[in-house]
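Student: Once you've had a glance at the structure underneath, I'll fire off some questions.
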């Protein structure tokens, strides 16, 4: 009897199994398409309203420009209608007449950091390439108006946008992605929160192209689940989780002494953390595999994203909603204010005479910035008693966000006292931009102590100002920024305090520092806003091309 029942169940499973394998993906797609259809129906009214508002604002804007004179109108037209079509990987050129809606998922758009510079530079490049396109930013900054945000963009980044085609939709669920909301299982919690926030965004408007510029891979995967005909693009500043993070948990690994979680993979709690991170990394890989166009800010980030997302992206039909991707993961360096620094900071034989033996470290006082390592290295450098060390000074410039940062500054001051170098180290907290520029003019060396800095905008700023860099031998500063130019060095790399001390000695003892400064400034030209715009357009054109192919198809 038992054997017969077992045989019956086995035969049933053997027969039904293949059907289930076909049926489950079908149901999965059906659920996603149904939810997507519901969201489209729900937001059609707002879509029409946005198009009407853009048209009305465009008329008002043209009228105001006409009132100011033909010259102002011509300058504005030249500013936003001068980017040529560059074509896509399929050999076709998609002209400027594309007039769809590009949704930028950036819940903290008014923060004013490097990530926000990328967002606004991307929107400006998009406006110049497709003047008829509408750029919609999903943000959680309820306390500021469109006018206030755009004014801050001009003041903070000197980026001038075309106001009529920029709109903001305000999210009410941003708290779900705050680390403070998830004191435990923070990575998983914030990723789950991004799904809630993405639903909030799509409940406001379904865009024609969906772009994430903050690193919410789960939101992009959710978009693909709901709208299979909406191309997605990701600009990845850093992977949410990386292989280096996983390896750093093991004290015996090559990176077991680096990072804020170094060596924490031991014991029952440590092993549980490692399993949790490994499971999360697999989910993260699945989400990233669904993205049509992936851009990273550096070679380091590209390598880690390829390692995590690449294997699944190359599969065909292995996961519902994921198909083979022909678009390679591209490096698009973030825009840095190189031109502004070139104008503000002189690099010449005359200015060389005004440089001081100052080691300048510009960074927020966060634990990963590793200020302690730099202070210890500077103390070792002074102990050498070399000619370069006699009048050297270390200047730490950075912002203090909260009480935790204040405590770190206090501990650094204690360390400086313990090392008896108080009179050789200066702290400048929350310095203004003019003050920072003045230090960039005076200093000789720029320092960066962070392990695996994903890119390193501050290091590019050092180079643009003509400083000789001594940076951590990892991440973007090593692979992309402080590299040779014309076969000659632009700076030095280090890992330990001893190596940093040696790097300080080399940087301050160069026989011809002016030549190195010129090479450093030449190196920085690779990271201009113009170069970013060119690469950004090249990648976003792929999304427009996908949309052009999908357009004849009926909406799902």
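Every residue, even glycine, has its Cβ placed from backbone N, Cα and C.
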Student: For the feature region 'Disordered' as recorded in Swiss-Prot, pick the matching range from 18-40, 41-63, 64-86.
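Tutor: Among 18-40, 41-63, 64-86, the range Swiss-Prot annotates as region 'Disordered' is 64-86.
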Student: From the ranges 455-475, 476-496, 497-517, 518-538, grab the one Swiss-Prot calls intramembrane segment.
Tutor: 455-475
Student: Among 185-205, 206-226, 227-247, where does Swiss-Prot put the label intramembrane segment?
Tutor: 185-205
Student: Sort the residues of the topological domain 'Cytoplasmic' (476-556) into helix, strand and coil with DSSP and give the three counts.
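Tutor: In the topological domain 'Cytoplasmic' (476-556), the DSSP-based counts are 55 helix, 6 strand, 20 coil.
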